[in-house]
């Protein structure tokens, strides 16, 4: 069954490549290719006067992506004032002093944000009961062991308020982080006794918030800087103490119970002073405090760094990305394409030795590695296959242009520009 699946995948891949590449004898003019990189790679770049053929391939690709059979016929230029008004209403960019339109690269920024979000992990850690009254401990999951940059960190606490409260509308809630004090510190003992901690611990205020005490609800306390310091120190546990001095005036209480049983808390002599005593245990567990952490790896992190494709520099013959820019002014298309000023028609070229096949960080890698495994061992039907240099990462492109009716159109085209190349 796995072999049949691989054969089907391979045949489908070959069909796509053949379909998107021009026939060798046709000069690349048979149809607008779906993959400009494939078409450009097959053109004879070393042959004199081959540049026009590459430009023609790019032209056909752009028209194909815009669903146009031919370039629009713009008989009269649109007045600059009308163009400015249209761009302002479309919120797509601005016109520079030189008359060129600069597009706001929203789609590019979205792509960058999506890539960044893919690298970001979200971890939710529920609180455990601390070693002293009104204390909690948050153990950051081992899943976050390779995360070093905190994007956001918040502690969520539930404040329970009795229905009869009419005495105070606002209360102040403070969070203190417990920190170990170096042994032998002169003022450790007195301060620690005041807050009920062992002598080697002290505390620092990390978050404070004035909240509405007229209804029971969740409250969020930002603690990003504290978690960042914790990770920088190589630690994974956050110990905090909560304080709500005005809560007793309203009868309000913070639900703080972790895994300790209610009877154990009562055995310690806890009273209704902001600790959630006297509430049904099951409901308390549903209101259990938690830490929400969003973090990512540092760009300088040496491990699991995303492999980047090679840039062709004339010194390597291994699969790489070849830069190729087509100016719309140079090809006479700036009369109907308002922005951008040109197209980065990058393409992939180079050899794919067996030892680097399937090494890119793309979705092709898994299939390529499996097929390469069978191919190197001489298994049919993969024995005579050769790996291909293909795009592994593409980014979108925004275009602003006139149609035949001189209407201004903005279109975001996905997978338009080759960013990285790899071996299939």
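Cβ atoms here come from the backbone N, Cα and C positions, even for glycine.
Within the listed segments 211-258, 259-306, 307-354, Swiss-Prot records region 'Disordered' for the stretch 259-306.
Segment annotation: Swiss-Prot labels region 'Disordered' over residues 178-197 (candidates 158-177, 178-197, 358-377). Across the fold, the C-alpha of residue 423 (disulfide bond) and the C-alpha of residue 389 (disulfide bond) stand 5 Å from each other. Cα-Cα distances to residue 352 (disulfide bond) place 319, 389 within 10 Å, out of the disulfide-bonded residues 312, 319, 389, 421. Counting only the Cα atoms, the space from residue 421 (disulfide bond) to residue 312 (disulfide bond) is about 10 angstrom. Here the CA atom of residue 348 (disulfide bond) lies 6 Å from the CA atom of residue 320 (disulfide bond). According to its DSSP assignment, residue 421 (disulfide bond) is in a strand.
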